[in-house]
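Asker: Feature annotation from TrEMBL assigns region 'Disordered' to 1-24. Taken from TrEMBL, the feature domain 'C2' applies to 24-144, 186-307, 348-474. Annotation comment: TrEMBL describes 574-591, 603-636, 718-748 as transmembrane segment.
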Amino acid sequence: MMQRGPPPEEFLLKETNPHLGGGKVTGDKLTSTYDLVEQMQYLYIRVVKAKDLPGKDVTGSLDPYVEVKLGNYKGTTRHFEKNSNPEWKQVFAFSKDRLQASVLEVTVKDKDFVKDDFVGRVLFDLNEVPKRFPPDSPLAPQWYRLENRKGEKVKGELMLAVWMGTQADEAFPEAWHSDAAAVSGMDGLANIRSKVYLSPKLWYLRVNIIEAQDLQANIQGRYPEVFVKVILGNQSLRTRISPNRTVNPMWNEDLMFVAAEPFEEPLIFSVEDRVAPNKDEVLGRCAIPLQYVDRRFDHKPVNTRWFNLERHVVVEGENKKETKFASRIHTRICLEGGYHVLDESTHHSSDLRPTAKQLWKQSIGVLELGILSAQGLMPMKTKDGRETTDAYCVAKYGQKWVRTRTIIDSFTPKWNEQYTWEVFDPCTVITIGVFDNCHLHGGDKGGGSKDSRIGKVRVRLSTLETDRVYTHSYPLLVLHPNGVKKMGEIHLAVRFTCSSLLNMMHMYSHPLLPKMHYLHPLTVAQLDSLRHQATQIVSMRLSRAEPPLRKEIVEYMLDVGSHMWSMRRSKANFFRIMGVLSGLIAAGKWFDQICNWKNPITTVLIHILFIILVLYPELILPTIFLYLFLIGVWYYRWRPRHPPYMDPQLSHAKSAHPDELDEEFDTFPTSRPSDIVRMRYDRLRSIAGRIQTVVGDLATQGERLQSLLSWRDPRATALFVTFCLVAAVVLYLTPFQVVALITGFYVLRHPRFRHKLPSVPLNFFRRLPARTDSML
């Protein structure tokens with residue numbers, strides 16, 4: 001078996017001690033809303049409006065704008081044409097770290113073709129600027145008389161508010177920042193601001209096609225080969241050809257789609273006849289708006305409905321609707337609210353709730369994330385002859401996506417932004433990605449250039465202790481065709497706060513997914529296809545937001561393409577299994593040493609234990625549980641004190657052969673020239689992808705077994721250790737024959753007494769963490 005040494009120092013997680021919340025993690029009322037980030041001081045200037053501005057042109061008109069200047073930093077409002085009473089309502093923010101002057105200058109100017117004319121200004125001494133701390137109400141703006149360059153009052157007034165605040169200020173997200181002075185245009189500024197996005201609400205749409213009646217087919221001495229094609233947006237599925245080849249065909253076939261609110265596109269049925277191998281004739285069509293489709297939250301059947309089919313005929317070159325047409329189709333259509341629509345990899349799900357809000361349980365806690373800074377980022381592009389990086393972060397948990405502001409031209413950006421999510425299940429994962437912004441100057445809405453990936457981090461909530469603030473610097477590792485590469489480090493502060501420990505412990509006995517996934521399970525092929533459709537819908541909707549969360553960002557965060565086969569991943573999963581089996585192998589070697597009297601004292605003790613257990617068989621089970629309890633308590637001293645992180649050793653990213661990486665980064669279908677090789681190669685990759693998934697799932701089960709006593713999930717191990725103690729005590733007090741009888745009757749119980757949902761031990765086991773979170 002391959003021996004894995006310790007990973008290089010640069011790939012390790014590092015614990016840090018940042019100055020959070022202005023010095024206090026909790027308890028400071030001035031910083032309680034932003035207690036997971038370092039305070040950043042800003043000078044804010046709110047330019048509201050002006051009145052009675054004097055005319056400057058020959059015509060006496062004025063095209064006013066305001067210039068806010070502090071040292072070398074200068075921000076300007078938009079200008080108004082021929083308006084002496086303009087309203088701007090814009091906010092400017094200057095970072096206190098970069099203040100280069102002690103006087104703030106706010107100047108009103110007249111836009112001109114040659115040189116902008118000076119109208120008047122207002123000066124502020126920075127030592128006199130008041131401080132504001134949310135949740136105080138915003139500072140009321142005041143009217144200030146304009147002065148000329150000599151300090152004399154002139155005609156016109158300007159309404160302003162000037163204050164010192166932090167990034168917790170409500171004005172912060174929409175403000176113009178001195179850090180982004182190089183960015184031009186409103187589109188460019190919109191592309192660098194922090195934003196919150198929401199995924200569209202997704203439903204599974206079940207279409208049961210039962211039969212059709214009175215079809216009008218051009219038969220001409222043959223039996224019609226009728227099938228139904230169902231289209232929803234860019235999703236298209238079809239039934240098999242009806243076995244009873246008549247004009248009244250039957251199918252009784254289920255098709256599944258993903259639909260997103262608001263339902264903009266209708267469901268289209270197209271009944272078609274296969275008249276030749278590559279020729280289909282449309283016998284009738286109908287469109288059904290999804291707004292009128294029944295919604296169900298359980299497995300009770302919905303009513304069937306008949307829909308009339310419309311036939312389009314070509315008359316004199318024009319496509320016309322035929323009215324005298326009595327064909328119809330019998331269907332059962334419903335939007336399934338009882339399923340969770342999977343748009344993420346099941347190993348890294350951040351949300352497991354059903355679609356229907358009526359089925360949601362109350363939240364069990366709050367997740368708070370402080371995105372502090374990054375260090376040592378690699379240069380991602382060349383601008384004006386020099387290498388640079390314009391970095392921003394995206395975090396995804398549940399339906400809420402957050403995007404930090406872009407820090408311009410910095411390899412050590414400091415964001416210090418804090419975000420909060422409701423938590424409904426502790427066995428979920430938050431994903432944080434770092435990207436390089438390639439759309440600073442607006443434009444390029446077609447998406448010619450793409451934002452570059454710098455790396456991502458995943459944190460499983462169940463591996464976090466409640467109410468503890470984790471401050472770590474995570475390595476940003478990305479796999480390239482030439483091997484694994486560290487792109488920098490991201491500094492995060494994470495806190496998981498639980499509202500009710502009892503409710504959270506109770507969650508470990510619940511099924512991971514909603515009931516419908518077990519009562520009416522979908523096939524693996526269906527789930528793969530539906531997940532692909534769901535990710536496409538989410539990426540399309542978020543890329544239509546303003547500013548867009550681009551397709552390449554969403555797909556990277558949702559792990560699109562992670563199911564594709566690669567030699568590296570297959571080897572990594574094989575060695576994960578070997579790692580799990582190594583415990584059994586070690587136990588076998590130990591027993592072999594006992595048998596061979598390698599350590600006589602141990603062998604004698606085992607003989608004594610063996611005699612006791614043979615004479616008193618009722619002690620076997622309580623001894624095992626007591627032993628497991630003692631091991632669990634013993635391992636508590638070495639429980640992990642940091643969240644899991646990307647491990648290139650586990651992923652075999654460091655030891656992968658260049659040819660294997662070339663194969664992994666190859667296109668699918670392959671770009672190899674030979675048609676035969678392409679066909680065989682793609683088939684091999686497709687089959688091997690399924691094998692890889694099965695092997696990975698086997699490894700996951702073994703790792704979950706290991707995590708019972710490892711304290712990787714502190715609550716789960718606490719539950720299991722407590723159960724072991726209780727079981728040991730109960731089994732000591734209960735006669736063994738009674739235990740054996742009850743166990744035998746329970747295992748052999750009648751199906752009537754069996755529940756369709758998974759048992760409590762199985763639910764608990766499925767919720768245990770595996771090492772999938774650490775896989776690249």
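Each Cβ is built from the backbone N, Cα and C atoms, and glycine gets one as well.
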Asker: Give the nonlocal contacts of the transmembrane segment (718-748) in its own chain as ranges (CB under 8 Å, at least six residues past its ends).
Answerer: 505, 508, 617-622, 625-626, 628-629, 632-633, 708-709, 764
Asker: Would you report the average pLDDT that the model assigns to the domain 'C2' (24-144)?
Answerer: 82
Asker: DSSP on the domain 'C2' (24-144): how many residues come out helix, how many strand, how many coil?
Answerer: 9 helix, 53 strand, 59 coil
Asker: Can you count helix, strand and coil residues in the domain 'C2' (186-307) using DSSP?
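Answerer: Tallying H, G and I as helix, E and B as strand, the rest coil: 8 helix, 64 strand, 50 coil.
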